[in-house]
Amino acid sequence: MYAKISGLGAALPSNKILNEDISSMLETSDHWISTRTGIKSRYFSKEGESTGDLAYFAAKEALSDNDLDNIDLLVLATSTPDRLCPATAPKVAARLNLNHIAAFDINAACSGFIYALQMAKMGIESGTYRSALVIGADTYSTITNPNDRTTYPLFGDGAGAILLNASEHENDLIDITLGSDGEFEDLITIENGGSESKLKGIKNILPNYFSMSGKEVFLKAIDKMKVSVESILSKNNILKDEVDFLIPHQANMRIINTLKDTIGFKNVVTSISLDEYGNTSAASIPLAMTKSLLNNEIDENTLGVMTAFGGGITWGSALVRSPSIGIKVGIKYL
């Protein structure tokens, strides 16, 4: 049994924030942000718009009415859940009237969607599940420091979803490889809020703000994604020039361009959404793929690679085939 991509959806919150809006708050400029990152705008959630809301609406965009009858697994990749406990996935499933299915969260930061895909792929290929809804959703506007110009302009809120169905013949998720190295946990972190805070004497009154060691993350991201992509291609006896499209984690255009150059991808179609949406963490890959399919940038039944890097540190790559024309694809702006 194989996993077939049967639908894609995305959702963005209602508040669009331009670089000029950021520069009115911080000592920065549109030129500084756009030339260093490629980001021109991002969407921030308003009060009352949660990660779970975005996940729900992204799922709705990926689903047709009859899809709900078969879904028996929902995996939500997020590092900004609605609550520390319980997980957000069961609430999203309940809103979709999927009250009794298996539903759980995965936190691998920006790599989370690839991790979630692997869980769903294994579940379908083993015959345990017939249909899986895989969602990446994050609201980093809630955890970034509005006074920190090194992180605040980089992130946006959003969600992306992919519906997978069991198929005897169509294999859209060919292979997935994952990795991690906890020795570098401090490179990307929110230090306050977990059980370790008490052990370290960190007071809970401190803000739960995201922090990142930018230069080290830049180098690690390129290295880990490069090795991951080359490994999955080698394992499946695929040459670089046989890859038709690339869907990288949408962190920074400099990272994406350097990654392509170091791998030797010269003519691949590259899905880009960070210019409009910023870094949406676990949502970035399904968001970028949805946008590319809607813009007819990716042909059906072509070979592509997804790759991501995130806190943990974590990384992963997926070797995929693009879905058939005619599946449900949509983006909702709240």
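Glycine is no exception: its Cβ is also placed from the backbone N, Cα and C atoms.
Note that the structure is predicted; figures quoted are calculated from it, not measured.
Listed features, source TrEMBL:
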DOMAIN    104-182  domain 'Beta-ketoacyl-[acyl-carrier-protein] synthase III N-terminal'
ACT_SITE  Cys110  active site
DOMAIN    233-321  domain 'Beta-ketoacyl-[acyl-carrier-protein] synthase III C-terminal'
ACT_SITE  His249  active site
REGION    250-254  region 'ACP-binding'
ACT_SITE  Asn279  active site
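Annotation note: His249 (active site) sits in a coil segment as assigned by DSSP. Note: the Cα of Cys110 (active site) and the Cα of His249 (active site) are spaced 7 Å from each other. Counting only same-chain residues at least 6 apart in sequence, those with a Cβ under 8 Å from the Cβ of His249 (active site) are Cys110, Ser111, Ala221, Met225, Asn279, Ser284, Ile285, Thr307, Ala308, Phe309, Gly310. DSSP assigns Asn279 (active site) to a strand in the three-state reduction. Within 10 Å of the C-beta of Cys110 (active site) we count 31 further C-beta atoms, all protein chains included.
Using a 10 Å radius centred on the Cβ of Asn279 (active site) and all shown protein chains, the other Cβ atoms total 24.
Taken as a whole, the region 'ACP-binding' (250-254) shows an average pLDDT of 97 in this prediction. Using DSSP to sort the residues of the domain 'Beta-ketoacyl-[acyl-carrier-protein] synthase III N-terminal' (104-182) gives these counts of helix, strand and coil: 21 helix, 32 strand, 26 coil.
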